[in-house]
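Encoded as C-alpha cells, the structure appears first; notes follow it.
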C-alpha cells in the first residue's frame, strides 16, 4: 500500500498547491514576530524625570530652553554613579511656585550647594522625553515599578510554555487545521484586547493568553506545511518557514517607526491577523492526520485536489493510501527514558542547556540593543537583517560540514561578540551594533540547528517527548531573560553581556560533546541512540528535516 510520501511523489512534492499553502502559512510565521519581541517597542523606556508642580510655569516665565529647565530643576544630571537613579526617580523638595525663585540658577537662593537640598521620590508622576507612547509611559513603569516591564515580556514566554503543553494534544485530537483556526482567532482577539486594556493587570492577562495560543498557531502552520510537502523538500521548507519570521521582524521595525503610539501599534499588528481565518477555505486539513484518524475518504479527496492543482495524475492505488508503519511507536514513552542510559542522559542535559542558552542569547541581545541603541528602529532593523544570512549558512553547511561544528562555532562567535562589546566605547556605536548583529546571527543559527539535532539524537519512540522537554527550556529561558537584561543593567550596563558571553562560550564547548549526526540514520532504539558516534551507519541517511513537534520554540 502506498504511503503519504509515495503518493506525494505522484501528485507533486512541491507543486503549485504546496507553494500557495507555503506562502499563506508563512504569513502566520511572520505575524508571530511582534508577539515574540514586540517588547522592544511596546515597552520602550525613554529618558524621564519627576514631574514637579510649578516647574512648567516657571520655565515658561523665565523662557528656559528644555536643556536649561533640566539643568536647573532635575537632580543628579552630569554626576557619576547614581546619577541615573537620582535624575529619573528623585526630585528636589522645593516649592517651585514661590515667587522668590530667580530665573538664573533658581536653587542658589535656597542652598549654596544643590547637593545639600533634600530629595524625595516622585509623587506627581514623570515627564517623558518621547513623541510617542509605550506601556512604560502610560502606566509609569519606571523606578520602583520598572520590573513590571520584565514581567510583561515574561508572561509571553510563560504563555508559550503553558501553551506547548496543550497545543500538541489539540492538534492531534482535533486536527491541525482546527487548531490553527482556533488559536489564530484567540491570538487576534487577545492582541486587540491587549491594545485596549484599561490597566496594567488586565493587559498582563491578555498578553499571557496571547502567548499561550500564538505559539500554537505558529506550530500548527509549521506542522501543516511540513506534512503537505514531500520528504525531499521538508528540511528546506521548514527553514524557510522560519525565515518568514525574520521577514516579520524586519517589517515590525518599519511599522513601529510609522506608529509610535503603543496602542495603535498593537492594533496594527493584531487586526490583520483576523484575515487568517479565511484560511478555512484555502488551506485543507493534513492528509496524514486524517489517515491517523481513519478518515481515509477525506484524505484521498484532499490528495486528489492537490493533484488537480499541481496538474498531476494521482496514482491508481490512491484509495489504498496509508501511514508509514512504525512499530516502535507502540511503546509508551516516559520522562525517565530520556535519562535511561549514560549517552541519553548526556545528550538530554546538553540539549536542555543549548535550548536555554540560545534563547537567553537571542532574546537578550534584542532587548539589550533596544535598551542601549542610539536609534531604536535602525538598530533593530539592522540586527534583524542578519537572520537572512544565518538561514543561508544553515542551508549551505548542514549537509556539507554537519551539525555539531556549526552549532559550536556559532555559540562561540555569539559569546565572543558579547564579551567584546564590553570593551567598545559608547562613541563607537557602529562597532557595538556590528558585534551585536554578529552575536545575534550566531544565536539564530543555533536556534534553528539545535532543533534538527534534537530530533536526530533520540530513538523514535521518545523523539517527540525529547523535543518537547528539551525545547521547553527555550521558553523557560525566555521567562527569565527580561529580568536578566534589565535588572542587571541597573547594576552595570555591560553586566548582561558578561552573562551572555559565558553562556555562549560554555554552550559552544559542551556542544562538542555531542555526536555528529550528518549521514547517520535516525536511531530507532535506545541501543542505537546510545551508540551514536561510535560507529558509522551504512543505513540510508534520513532526509526528513524532523518529525513535527509541538513543543519547539516559536523561532525554530
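We count from 1, first residue shown onward.
Including glycine, each Cβ sits where the backbone N, Cα and C put it.
Note that the structure is a prediction, hence the values are computed from the model and not measured.
Secondary structure of the topological domain 'Cytoplasmic' (1-21) per DSSP, as helix, strand and coil residue counts: 14 helix, 1 strand, 6 coil. If you look up Swiss-Prot, you'll see 1-21 (among others) marked as topological domain 'Cytoplasmic', on the strength of sequence analysis.
Same-chain residues lying 6 or more positions outside the transmembrane segment (22-42) and placing a CB less than 8 Å from one of its CB atoms are 134-135, 149, 152-153, 156, 180, 184, 187, 191, 210-211, 214-215, 217-218, 221-222, 224-225, 228-229, 237, 240-242, 244-249, 251-252, 256, 262, 265-266, 269, 272-273, 276, 279, 282-283, 363, 366-367, 370, 376, 380, 482, 554-555. Taken from Swiss-Prot, the feature transmembrane segment applies to 22-42 (among others).
DSSP places the residues of the topological domain 'Extracellular' (43-150) in helix, strand and coil in these numbers: 42 helix, 13 strand, 53 coil. Taken from Swiss-Prot, the feature topological domain 'Extracellular' applies to 43-150 (among others).
According to Swiss-Prot, the feature N-linked glycosylation site maps to 71.
Feature annotation from Swiss-Prot assigns transmembrane segment to 151-171 (among others).
Packing against the topological domain 'Cytoplasmic' (172-177) from elsewhere in the chain are residues 220, 223-224, 227, 279-280, 283-286, 289-290, 292-293, 550: each is 6 or more residues past its ends and has a CB under 8 Å from a CB in it. Swiss-Prot lists 172-177 (among others) with the feature topological domain 'Cytoplasmic'.
Long-range contacts of the transmembrane segment (178-198) within the same chain, counting only residues at least 6 positions beyond its ends with a Cβ under 8 Å from a Cβ of the stretch, are 28, 35, 167, 170-171, 206-207, 209-210, 213-214, 216-217, 220-221, 224, 263-264, 266-267, 269-271, 273-274, 276-277, 279-280, 283. Feature annotation from Swiss-Prot assigns transmembrane segment to 178-198 (among others).
Taken from Swiss-Prot, the feature topological domain 'Extracellular' applies to 199-211 (among others), supported by sequence analysis. Per DSSP, the topological domain 'Extracellular' (199-211) is made up of 12 helix, 0 strand, 1 coil.
According to Swiss-Prot, the transmembrane segment annotation covers 212-231 (among others), on the basis of sequence analysis.
Across the residues of the topological domain 'Cytoplasmic' (232-238), the predicted structure has a mean pLDDT of 85. The topological domain 'Cytoplasmic' annotation in Swiss-Prot covers 232-238 (among others), and the record cites sequence analysis as its basis.
Per Swiss-Prot, the feature transmembrane segment maps to 239-259 (among others). Note on the transmembrane segment (239-259): residues 22, 25-27, 29-34, 36-38, 40-41, 221-222, 225-226, 265, 268-269, 377-378, 380-381, 384-385, 387-388, 391, 394-395, 448, 545, 554-556 of its chain, located 6 or more positions outside it, place their CB under 8 angstroms from a CB of the stretch.
According to Swiss-Prot, the feature topological domain 'Extracellular' maps to 260-263 (among others). Under DSSP, residues within the topological domain 'Extracellular' (260-263) fall into helix, strand and coil as 2 helix, 1 strand, 1 coil.
Annotation source Swiss-Prot lists transmembrane segment at 264-284 (among others). Counting residues 6+ beyond its ends, the transmembrane segment (264-284) has Cβ neighbours under 8 Å at 20-21, 24-25, 27-28, 31, 34, 38, 41-42, 177, 180-181, 184-185, 187-188, 191-192, 194-195, 217, 224, 252, 255-256, 302, 305 in the same chain.
Taken from Swiss-Prot, the feature motif 'Proline-rich sequence' applies to 284-288.
Per Swiss-Prot, topological domain 'Cytoplasmic' is recorded for 285-348 (among others), and the stated evidence type is sequence analysis.
Annotation source Swiss-Prot lists phosphoserine at 334. Shown in sequence order, 465 are the residues of the chain, 6+ apart in sequence, with a C-beta less than 8 angstroms from the C-beta of residue 334 (phosphoserine).
Among residues of the same chain six or more beyond the topological domain 'Cytoplasmic' (1-21), those with a C-beta under 8 A of the stretch's C-beta atoms are 224-225, 227-233, 237, 282-283, 287-288, 291, 303, 305-307, 309-315, 317-318, 320-324.
The stretches the transmembrane segment (151-171) and the transmembrane segment (466-486) are in mutual contact, each linked to the other by at least three Cβ pairs under 8 Å (pairs 6 or more apart in sequence). Residue 334 (phosphoserine) falls outside any helix or strand according to DSSP and counts as coil.
Sequence-distant contacts of the topological domain 'Extracellular' (260-263) (same chain, six or more residues past either end, CB-CB distance under 8 Å): 41-42, 130-135, 138, 195-196.
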